[in-house]
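**Q** This is the structure I have questions about; it appears just below.
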Amino acid sequence: MAYYYRLGSIPPKRHTQFRQPDGSLYKEELVSSKGFSGIYSNLYHIYNPNEVKSIGQSKPFKWQVADQHGLNQTHLKTSGVEFTGEDYLDARRMLMMNNDVMMGICSPKKRKMDYYFKNADGDELLYIHDGEGVMYSQFGKLELRKGDYIVIPRTTIYRLEFKEEGPLRLLVIESHGPIETVKRYRNEVGQLLEHSPYCERDIRPPHELHIEKEKGDYLVQIKKQGMLHHYSYNHSPLDIVGWDGYLYPYALSIYDFEPITGRIHQPPPVHQTFQAWGFVICSFVPRLFDYHPLAIPAPYNHSNIDSDEVLYYAEGEFMSRKGIDRGSFTIHMGGLPHGPHPGTVEKSIGAKSTEEYAVMLDTFKPLQITTDALEFVDKNYPMSWSE
Ligand SMILES: [Fe+2]
C-alpha cells in the first residue's frame, strides 16, 4: 500500500516487550513481503498464531483450462446467473486464467461466512458489483459498498458478511504478484501525484479493530498451490489488539475514480487503476467525451499485439458494443483485431458524455477461459461485426 497506517495498541518501539493486562506478552507477528524488502506490517496477537489444534483434509481448489476454445473473440454472458454456489469459496467461479492472474464471479447463496479464508497463493481484488457488507480481518473492520474495489494482500485472514437483502455479485481477481497503485502516479516516496485519477483521501483502510477474544472452534481455510487446506484453532485468528505498517487491505470506490479526458480519444492507460505482475486493471467511468470539433468518441479498431483485453460491463450502456449486458465479459485476444460494432462509430459522433462503468483487465500474456466459463460463451459473438 502507498501509505503508513496504524490501528489499536502497539508498543512505542518494535520488537520490545508489550504486555497484556495479565502480565503475559502479546505475540508479535511481522507480515512481510518480498522477503524483508517489500511492504510489511507488525501485528500484535493475544494468542500464539502458530498454535494449531488440528489440520483437516486438503482438497483441490483450482480451475481447468478449456483448451479447445481456440482463438475466438469471446463474450461470456453471465448476467442471468443468480447464484454461483452455496458459500463464498464454493461460489467462486474463475472464468479465465493464466500464470499471472485469474478472474471470475462469485454470487454465494449464503451471505455470511462461518469460517475464515486466507489466500496464500496471491493478492485478491474484489469488485463489489452488487451487495453491501463488512469485511472482518486481522486488520480490522472494512465496510464493503457497491462499486468498491477491495484489495486484499496475500495471507490476510478474513471473513465476509453481506446484508441479506438485494442481489450479491462479486468480481474476483486473484493475482500472483502484488496488486499496487500505479507507479507512474506515485512520487519517489510513494505519495500519489496531482495527475493521479485518485489519491490517498479516496483510499479506505479498515476503520476500526475487530477483536475476537473468546476461545472456541475456529476454522481457517487456506488456499495454497491450488489446494484448500483446513486449519482449526482454539482461538480466533482475529485476536489482534494493534498493528501498524504499509501492508493491509483497503477499499477504493470506482465512484471516486476521476476520469482523464482529452480533445481526441484517450487510450486505455488513462483509465488505469491498479498494476500487478503481468496485468493492469482499468476503470471506465462516466465522463465527458472528446471535444475536438471532428472527434470520434468511439474507440478505433485495435490490434494489441502483446495483450489479451477483458472488459467486465458493470453499469450503463456501452457505446461501442451491441448485445452486451450488465455482467457480460468480453475477451478480445491478441492475434485478432477488435473494434466498435458496426454503426456505433457514426452513432458516437456528436455525443457529449457517457454513463458507463466497466472494469478492464489487460494481460501481458495470453489468457485462457476455464471449463467453468463454457456455459456462458455467446457463440454468435465472433461473427457479431458482420453488417
Ligand atoms: Fe483494445
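Placement of Cβ uses the backbone N, Cα and C atoms for every residue, glycine included.
Checked TrEMBL, it gives:
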ACT_SITE  His265  active site, proton acceptor
BINDING   His302, Asp308, His338  Fe cation binding site
BINDING   His338  homogentisate binding site
DOMAIN    111-251  domain 'Homogentisate 1,2-dioxygenase N-terminal'
**Q** Taking the Cα atoms as reference points, how far is His302 (Fe cation binding site) from the residue listed as 'active site, proton acceptor' in Å?
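**A** One finds 13 Å between the Cα atoms of these residues.
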**Q** Among the recorded positions His265, His302, Asp308, name every one whose Cβ is found under 6 angstroms from ligand 1, counting any of its atoms.
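**A** Going through His265, His302, Asp308 in sequence order, those close to ligand 1 turn out to be His302.
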**Q** Based on Cβ atoms within 10 Å, give me the single least packed residue among the recorded positions His265, Asp308.
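**A** It is His265 that, of the recorded positions His265, Asp308, has the fewest other Cβ atoms within 10 Å.
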**Q** Averaging the per-residue pLDDT over the domain 'Homogentisate 1,2-dioxygenase N-terminal' (111-251), what integer do you get?
**A** 97
**Q** Please identify, from the binding-site residues His302, His338, the residue with the sparsest Cβ neighbourhood, meaning fewest other Cβ atoms within 10 angstroms.
**A** His302
**Q** Beyond the listed site residues His302, Asp308, His338, identify every same-chain residue whose Cβ lies within 8 Å of the center of their Cβ atoms for the Fe cation site.
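**A** For the Fe cation site, the extra neighbours are Ser303, Asn304, Ser307, Glu309, His332, Met333, Gly334, Leu336, Pro337.
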**Q** Determine, to the nearest whole angstrom, how far the Cα atom of Asp308 (Fe cation binding site) is from the Cα atom of His265 (active site, proton acceptor).
**A** 21
**Q** Take the C-alpha atoms of His338 (Fe cation binding site) and His265 (active site, proton acceptor) and report the distance between them in angstrom, rounded.
**A** 16
**Q** In the domain 'Homogentisate 1,2-dioxygenase N-terminal' (111-251), how many residues does DSSP assign to helix, to strand and to coil?
**A** 6 helix, 74 strand, 61 coil
